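According to TrEMBL, the protein has these features:
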- 27-46: transmembrane segment (TRANSMEM)
- 52-77: transmembrane segment (TRANSMEM)
- 74, 203, 207: Zn(2+) binding site (BINDING)
- 89-111: transmembrane segment (TRANSMEM)
- 117-135: transmembrane segment (TRANSMEM)
- 142-165: transmembrane segment (TRANSMEM)
- 171-190: transmembrane segment (TRANSMEM)
- 202-222: transmembrane segment (TRANSMEM)
């Protein structure tokens with residue numbers, strides 16, 4: 001029995017494949033994010049719309065930042081100072097990703113001043129979240145998940161405008177991404193009460209859901225928000 005407990009306490013060393021999957025899956029996310037950002041920005045520039053190119057650059061950089069911080073966090077061993085630093089940066093980057101994802105739709109699809117108001121609320125919540133996480137990095141998993149989900153669904157205040165501006169398929173890609181991110185947040189929060197081994201398995205599922213959500217929203221940006229379409 002003591003050996004089993006010790007195995008759980010040192011699972012980062014005993015079960016390295018789980019951390020390897022977490023880091024490699026989001027390394028894949030970095031590559032996809034760079035490719036996606038390049039496509040969106042390049043197509044905007046080709047259409048001579050530099051303002052939209054800037055919006056997509058903000059969105060793309062927020063994705064790249066998230067996946068980079070997540071990858072670096074999972075590379076280092078538990079208990080090290082560098083891992084604690086990247087854990088904080090990993091959580092902070094989630095706030096930036098959510099706000100970055102809001103930026104193009106709010107300023108392209110939602111008429112002013114509604115879009116600007118929604119975007120200001122989201123970025124305001126992101127700033128508050130970043131300050132909070134900087135001070136209290138070990139906040140409960142359920143609190144983090146709820147805060148991320150709250151930010152993600154602020155879009156409901158402008159959902160009527162987006163629905164009217166899009167074909168049904170485009171709207172469904174947006175909703176699908178939101179559902180996947182929300183499910184990921186629930187999985188992340190729920191995993192905190194499990195054994196370390198089960199926690200890591202749930203964390204792998206969380207990573208997969210986040211990548212799928214990012215792709216759904218990227219496709220939404222490419223096919224239905226990009227000005228050339």
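If you go along the chain as it appears here, the first residue is 1 and each next one adds 1.
Positions of Cβ are set from backbone N, Cα and C atoms, glycine also.
Whatever TrEMBL says is automated annotation, not expert-curated.
Annotation for the binding-site residues 74, 203: lowest Cβ count within 10 Å of the residue's own Cβ, 203.
A Cβ distance under 8 Å defines the sequence-distant neighbours of the transmembrane segment (171-190), meaning residues of its chain 6+ beyond its ends; these are 105, 141-142, 144-146, 148-149, 152-153, 155, 162-163, 202-203, 205-206, 209-210, 212-214, 216-217, 219-220, 223-224. Using a Cβ-Cβ cut-off under 8 Å and counting only residues 6 or more beyond its ends in the same chain, the transmembrane segment (27-46) has close neighbours at 52-53, 56-57, 59-61, 63-64, 66-68, 70-71, 210-211, 214-215, 218, 221-222, 226-228. Counting only same-chain residues six or more apart in sequence, the Cβ atoms lying under 8 angstroms from the Cβ of residue 207 (Zn(2+) binding site) belong to 21, 22, 25, 26, 70. According to its DSSP assignment, residue 203 (Zn(2+) binding site) is helical.
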